[in-house]
Structures are given as structure tokens and as C-alpha cells.
Amino acid sequence: MTSDQFAVFTCDAGERVDPLFVSVLLWSTAPPTVRIVHSGQACNVEEERYSERVYTIKEGETLELQCLVTGHPRPQIRWTKTAGGASDRQGDSTLLNETLKITNISRHLGGRYYCKAENGLGSPAIRSIRVDVYYLDDPMITVHQSVGESKEHFYFERTVFLRCVANSNPPVHYTWRRGREALTQGSDAGVEIYEPFFTQGETKILKLKNLRPQDYAKYTCISSVRSVCGIGDKSAHFILNNRTAPPSIKLLLDDPLIVNPGETITLVCVASGGDPPPTLEWVRQGGEELPKKSVVNGGTLTIPGITVDDGGSYSCVASNNVGNPAKKSTTILVRGLRKGRFWITPDPYHNDDNIQIGREVKISCQVEATPPEELQFSWLKNGRPLRSSERMVITHTDIDITPGTTNLDIIDLKFTDFGTYTCVASLRNGGTPEISIDVNISSTTVPPELSVPRGRSNLIAQEGDTVDLQCLVSGKPKPIILWSRVEESGAAAAAAATVILMPDGLEQTESYDGVLRISNVTREMSGTYRCQTSQYNGFNVKPREALIQLVVQFPPTVEPVYTEIRQALGRAFSLTCRLLRAHPARLLRYEWKLGSRLLTVGQFSDQRDDTSYLVKALNREGYGEYTCDITNEAGAGRCTFLVTGKAYAPEFYYDTYSALWQNRPRVYGFKLQWTQMEPNSVDRILAYRLGIRQMGQSRWWEQEIPMEGTIQKGELLTYNLTELIKPESYLVRLTPITRYGEGDATDRIITYSAPVNPHLREFQCGFEDEAVCLFSQDKTDVFDWTRHSAATRNTKYTPNTGPSSDHAGSKQGFYMYIETSRPRLEEDKARLLSPTFNMNSKISSSVTNNPTYCFAFYYHMYGKHIGALNVFLRQKGQTVTDTSVWSLIGNQGDRWRQAKVNIHPTAAFQMVMEGVRGGGIEGDIAIDDVTIEEGECKDPPPNNLRSLAPPSSPHIWQLCVTLSLALIGRQR
């Protein structure tokens, strides 16, 4: 295609016309509208009465929904999902796209999907569709039996229940067979089939009363969803005999099982009863996974190299779908010692925390042990065994108390008692190393003291630094230091229940050297920190503590961080940089620059939190990047303003009526329309650069479209593209040009679409496609026509009315009908509008005869309350007129009939189908297979009530560009 191929076009009449540029002064902005259509693998799309549309799809198929929007500027589209009426947070999905596509859809993705379109005008437009995912799982048969004793008659009655369960959507239908015999309620006196009222169709129970020999047989449960969505039936089998019994098991091991770390253990579970033979499974308590290195072989579980973390409760579960599963558990105890701690308690009868000659002192040692009953302690003094005596009293807590604790009470401390005492913890049967804890008692054993180094109580750091908080601890033995954060005094009451976490996310952090290091400190870490001595691994006395205040300085936070400002030459404007927060917030300075050129400097007052710079008259040198730096001791925050004269991007208008036309067989034309975003914010737009590229190719053709005068906001601009090759698509780029230069460009893709009927000789619509051949609902009527198929129609709701199939006799085929059930009232009207058809533009004014077309359709008017079906010809000339061309009243029987009528439009026209509700609910009216053909109707049926005389007719689909009123203003 050459550059001039879209610069000119030729009409069918043969005249050569210059490229058409039109500007229509319209406020073309419009709030969004939205509708949802489907193009995926739906089983059915049903219009539910008065509520929502339902899209039915088989699990595993592809869901594809398209959100069709109108509105200018082009609305932003967002897909969201809820499930069961409540937000599905785990699967909450948001998609910013016109098409929602889910491949291999699963059942949990069913629910209500919303399409929301908004463009800042009016309220957002929202439409929803409920996706119903159909599936059928394999059924499962479980067997239960009851044995009742009747002493008066000295016999046992044995009743067996076979329960069939299958997960499905829609609800499953069950069928039972015994061998090849179909079982139904009443077919056998010894068999009862019922559905528990509380299960809502989820199960079907076969009850065999007072079990008989013939009841020992093979039973089959067939689950079915009646082949909806092509889902086939599924079945399960169970053989009932006189050996059928629930499972029983036994464990071939000790309970509890006590093992040493690193050993390989084997848990053996065997079935001791049950028919059919049960399956065995090992599980851990609480649903925890089995150890990764474990090996399961039937009822045998082997765990090599067992660790402490592998200990706990293990259960063997046996099931054979008869009765309840059998379960037996055992506990594995892995020997181990951990968390050894000690503390020294001074004489409790004295207020002094020091250890002194002649007073009592107690040394305590604590260890967690598994199993706790094997824990044993021993004491050493200076490496020699120590036994309990009158002055050295050794006690242990009960073995049932964990963790285990041992105490050494030294009564009347003497100088000879000074030394190193060792607490040794071990397990009676070994298997794990012992734990030894040394405690030194001497004249230098003193309680701890805590302090903060001079000048370190108030620390100032800058964001991003590494800071060390330090507490000096003295005493022997030196205790562990616990760090925590302290609630600020002013907020303590308001947040009494709130715990401020440490930077590592814990409530407390241990330190063995008294130093808390915080890397990459942030402003949120400012506050008061407490260091205190622990009451373990040290003296068991009141904790010593100290406080450190940390202040984190950070540079000013400002807004806007970056913004673009578009201005025309000669205009005045102001730039403002706002301070949001800073620490310290004093002695703040600001500095304005244009590029590297300093404009002004200053200092903030206490009353201001922003600074502004005024440009009195913008010149060419005034374009560029303006920066404002606000600084404090910690650094600077910067506002950046890019001042430019670039024009904003144009906004393509996507709702052009009949934008695409065909005037020759191999080419097509397209009416390109757009508005200019904020045209008055910059200099006058002098021209647009139009670029066009055929999709799949790299070469661009460009052309300038000159502009005269000033473009107004909301002004709709039009340029006709011609000589586009069918069926190619094109990428179009539009760039505004001012004296500053080129502005922002906008792209859109133009896609060729064939007419509704590809033969171009007639219009046909059977309503099989969800787009319903571009038919639309009249927004001024009382209610709407509904697209439906007989396969999904709820005949229980409105019996004795409506069709049982479409016109072709298919129950899967679609038609349009009016639903006259509640809340519809008598004389309520529903109007369905056809697409608008344009008249042939090449008809000269000398032609006096009007064209004739045959409008035909099939109707179904069955029911004792049928109202009326009316057809109007709506012509769109200088005014819109509706002319009645056909009408029929009352019950016409349970069959489809055809109506034909000749119409003689003189302007663009639509056909209006009006259904009127009669006196009751049995008044559904349906239509199907609508056609418009050239020429007179042939053999119109007798119920064709109105017809107009036919003159000769031109081709209904022959189109040429209509030069409308806008051509007067700007044709070049």
C-alpha cells in the first residue's frame, strides 16, 4: 500500500473525493456502559429471571468472558471475582483487561465475576455473570450394619445400609443395581431406597432389611448428572457377602516407643480383620507430614536416622468402606536433653542480695528431658562427687514435672564451701550426651549491676546507619541481657495491650555481651529500649535494668516527588513543593533550580510546610526540569517538576457508529475519530501526524492533517481512512504537533470485521450467538426480551406457555422471548431493536421510488394469556419516526408461525419488535430466525397484516461514505 492509498478514496458512483477531515463540535465525553459476552466453551448461558446471567461450563474447559464497553474517554476495565456472595480472598483475582480467560477451569473458580468500567465520568458501570462449573467425581460406596436383639422372639435382625456418595454440580442422580437387576423403591419388599433429608441430594442410601441370602450380591451405584456439559455417568461397585466386616488392626510395637537419636525405627501395623481387606495408612497427629526420609510399605513405616523433631504421636488408620475406620496410635519418644539453665538464690531471709559467710545460698539447675522419667541429676564440687548432707541438701522435683529441676541448698555458708559446683544431667538409659553446668561460689560471686556507658543513654542515628546500643553489666556470674522496647509514656494507656516488637520481630532479644546491634536502622525503630538482666544463668534476684533512647533522623519527605506540567508560552504558573515529614524538623532550608541554574533559596518558618516558585511569563528558556531541594541535618528531599510544551495525547473515540464501511470488494474504509486531551493547556495544535502500518509489517506511512482554528475540549475530530486492504488489520498512530514540537502519541488497532451476513444480499439472525446479531434492548420500555433455549427453560415456573424448541426444532437452539411471570403486569411492554441499516448513498435525487425490503420472522404465541406482538419500522431522518407495519393479538397455538411484511424505508432504519404482556402469566411470546431481504416478500403468510407497495430496491449493504453535516465545516 502506498502513502496516497489512504489519502484518497473512490465511491461506487465513480467520483474522486479528497480525503475527508471533519470536526464536529460535540461534547463527546460519555460515562461508561458495559455488557458481558462469552466466547469460551460454555455448556449454556442462561438469563436468570430478574437477577443475573449464569454461564455453565464443564470443569477442565476454558472460560473466556469479554467485557464490551462504551464511553469516552475509553474506560478502564477491571475484572474481579467473588464466590458464594462473599469475597473469595484466597482466590481473589483482579484483571485489568477486556477479556477474562481461565484455561482448565476448576470447581473452586466458580462464582460471580464482575466487570467494572470507569472513566471518571459519572458512576462506574458494573455488570456481573455467575460462572457455574459442572463436574462429577467418582462415587464411593460405604457400608454400615446394625444388629438388633429381640429377646421376646429370640432372633437377631441384621440390617445393612449401603450409602453412595459423589461430589457433583449439578446435584447427582443415583441408580442402584443388584447384579443386573435395577433396584427401585417398592420393587423389593426387603429393599428400601431413601435420601436423608439433611443431605440435600448429596447421598443415596440402600437399606437391606433383615438381611436375606439373595442380598449377598454385587451392588453397583451409578451416579449421573444427566449428561449435562457432556459429563458421562460414573459407577462404583461393592460385593456384599457373609464375611463383610469393618476393619480391625493391631500394632506390633511398644507404646510409647523410646529410641535414641540417629537410630532407625520401624512401626508395624497389621490388619487383624475386615472384609474387603482394609487399606492401611500412617499419619501424624494434627495433620503434620511424615518425616521426609520416612518409607511407607503397606502397614510398615520406617524412619531412618530419627531426630528429636521426628518424635510425637503416630497413628495407623485402616479403612475398607465398611463401618468406621479403625485407628490405633503410638508415641515415639526420642531421648534428649536441652535448655540447661541455672540460677543462684541468696538467703531469702535477708534483704541483701550478696552471698555472705554464715548465710544460706541455693543453687538451682534445670533441664528439659525426653523422656522426663529417665532424667537424673548428680552434683560435683571441684570435680568430686557431692552427696546430700545436713549442710549440703540436694533435692529434685517430681519426675512428672517438666522441665526437671534439682536444687543444692548450702546451709550456713563457710569459707571452705567456696568452689566450683557442677550440676550433671543425664538419662538413666543413656543414648544422648549428658549436660554439665558449672557454677562458681566464692567471695567474688556477687549479684549483677547494670549501667549505660556515659553519653550513650541518648543516641542519634541517621536512617540506614548501623547503631550499637550498649549496657555494661558487672557481677559474677555475668547474666544474659534481655533487650526489649518500651511503650512511650504518652501512648502507654492507649496501647496497654500492644507489644512493640524488636527489630528482629521478637518481643525480646538475648545478648551475651550487653550489646544490641541494629543494622540499616529505620525511622520506625526510634524509641526507648530497655536492657535488663535475666533471672537464669545468674542470680535469682530482682532484674536490674536501664533505658536507652534512640532517635533516628531522616531526610525530609516531600511531595510531589515528580510531576509533569504542560504550559503554553507566555503564561504564568506556580510550582509548589510540600513538606510531609522530617526529623529533625527544624532549620529546614529550600533551594529552587532550573536544570543547574539556581533560582532562589530560603529557610522554612515554623508556620509553613511548603514553598512555591512563581513563573510570571513562560518563555522558551523556561521549559525544562525544575527541582526544589528541602534539606535538614540528615539529608534532602527533592520535588521535581518537568515543565514542557508538549501536547497531551489524543483520545481515540471507540463508539463511532458504523465506523467501518465497504465501497469496493477488496478494500474497506474506516472513520477514525478522536478528541484532544486538555487542548487548552498548551499552545494551539497546528496539525496531527497520522501514521499507519499494516500489522505484521514494519513500514510506516505518515501524513500530516493540518488543523485550522483552536480545538475545543470535547470536540470530536474525524478523519476517514480509505483503501484499506481486506481483511488486514492496521496500527494507527496519531501525534499532535504544536509550535513546541511533537506531543504524546496514541495508538490503536483497526481490525476488519465482516458484515453480519457475509453474502451482503440479506440480513439473517437466529439469535444463536450471544451478541444476538447486534440486536439491543430499548432502554425506555418496561422490561426486556430474554435470549433462551428450551433445554434450560424452567417449565415448572410457567406451564402451558412458551415454545418447547427453537423454530428449527432444536432444544439446544436459542430464541428471544418475553417472560410474563411476576412481577410483570398487564400491558407491560418489551421492545427489541434491530441494528441500524443505512440506505445506499449513491441513489441520486432523481430517483423517486423508495426501495423495498422483505422483513420476515418466526413467532410463537402460545398460552391463554397471550397479549400482543407488534412490529414497527423506525426511520432515522431529521426526526425519528416509528411506523406500525405488523401486529397480532392472542393465542396462536403451540407452534411456530412465520410472518412477512414489505417495508419501504427512506432513511437509515431499524426494526422494532414489541411484546405486550397479557392478562396472566401464561403469556410468553417468542421470536426466531429474523431476516431482511431485497425485494418484495414472496407468498407472505395470511397473518401478514400490513404491507406497503414495493418499488425497485437497491442493495441494502452497498455502502459509501456519507458526507454529513460536519463536512460543511472542514472539507479540504
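Cβ coordinates come from backbone N, Cα and C, glycine included.
According to TrEMBL, the protein carries these features:
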DOMAIN    32-132  domain 'Ig-like'
DOMAIN    139-221  domain 'Ig-like'
DOMAIN    247-331  domain 'Ig-like'
DOMAIN    346-442  domain 'Ig-like'
DOMAIN    448-549  domain 'Ig-like'
DOMAIN    556-644  domain 'Ig-like'
DOMAIN    656-756  domain 'Fibronectin type-III'
DOMAIN    763-939  domain 'MAM'
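Highlighted: of the candidate stretches 247-331, 346-442, 448-549, 656-756, 763-939, 656-756 has the greatest count of Cβ pairs under 8 Å to the domain 'Ig-like' (556-644). Highest Cβ contact count with the domain 'Ig-like' (448-549) among the listed stretches 247-331, 346-442, 763-939 falls to 346-442 (criterion: pairs under 8 Å). For the domain 'Fibronectin type-III' (656-756), residue counts in helix, strand and coil come to 3 helix, 55 strand, 43 coil, using DSSP. For the domain 'Ig-like' (346-442), the number of residues in each DSSP class (helix H, G, I; strand E, B; coil) is 6 helix, 49 strand, 42 coil. Residue counts for the domain 'Ig-like' (247-331) under DSSP, helix first, then strand, then coil, are 6 helix, 47 strand, 32 coil.
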